[in-house]
């Protein structure tokens, strides 16, 4: 029996790996036409084919993206259900290895990270005072967006990015790969720390499509802030308080939004619920003032150690966040208000659906006499199943 289970797990991993490989290839559908990785006829042919798919066959491109998101969620649920039979670390390594060279096709922020660090390591200037626009001779500016702004993030993220930037010596391809490896390293650290708190939560985090697409493929620095926060909470569960607060402080120094996690605790659920409310309020405020972005909600995964059902309770909304890229992929860009309005409508629809779902399960729990907000977001089990 155990042999059959092991064989089925291997088949599952092979199929999952193929889906990830398809995501890797598809991510180049929206590559910037001005970007060249290699001086090779093979690369040029591949890039041109993917550009044709992403820019001139948008309905097909959207259908591929939609299928990939559906498959990622399907395998996410399967792997979470089989969490006791598989190694979360092996799954995370598979995901990281396959997506190491994926292209950040839904955002240009990644290239700003590269150039911000390059300002410090190559041009020996301060990115808090100098912009990419100040270096018009640099070829990287051809495929960058937001070249007019100075460095908007915390000092911790800048320090982290200086390492891969320095090691690349100003060369784009090594910089791209080293930055991707940096994100994968923090992702693996997050999975490791979470696996020592709750293995099922670790699988849920490692395989979640929002983490994979926004954290690894698009490589938003929210993933690094999240990883540092999870590492801090891991130390909190190990009763190593000063190490815990140190990593939580470092997490807050990435993008500031996780700073309230400095006060997170193992047992005081009301305080943790208050911190969750504060962070959600910050995300809502930033989304209202600027624009709602799906990667903002990666921060919610930091609460998995204390509210282990929080992500499963919000999956309807999280699906909507990934599907809100419909105007960007199918219609092309965010250049009109109509496209942004459509994005907001998609997110709003899934948000309402998720609220209805929460109201239904809350009503059921209330009729049974065991309703509480904390119970809605977590079960009593906080196992430390090792991988």
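For all residues, glycine too, the Cβ spot is worked out from N, Cα and C.
Taking TrEMBL as the reference, the stretch among 62-80, 119-137 described by the feature transmembrane segment is residues 62-80. For the transmembrane segment (346-366), the list of distant contacts is 292, 313-317, 319-321, 323-324, 326, 375-376: same-chain residues at least six beyond its ends, Cβ to Cβ under 8 Å.
Cβ atoms under 8 Å from those of the transmembrane segment (295-326) belong to residues 62, 65-66, 69, 73, 106-107, 194, 197-198, 200-201, 204-205, 208-211, 213-215, 218, 220, 222-223, 225-226, 229-230, 233-234, 237, 251, 257-258, 261, 264-266, 269, 272, 276, 279-280, 283, 286-287, 342-343, 346-347, 349-351, 353-354, 357-358, 374, 376-379, 381-382 of the same chain, restricted to positions at least 6 beyond its ends. Counting Cβ pairs closer than 8 Å and at least 6 residues apart in sequence, the transmembrane segment (87-106) and the transmembrane segment (12-31) reach three or more and so form a contact.
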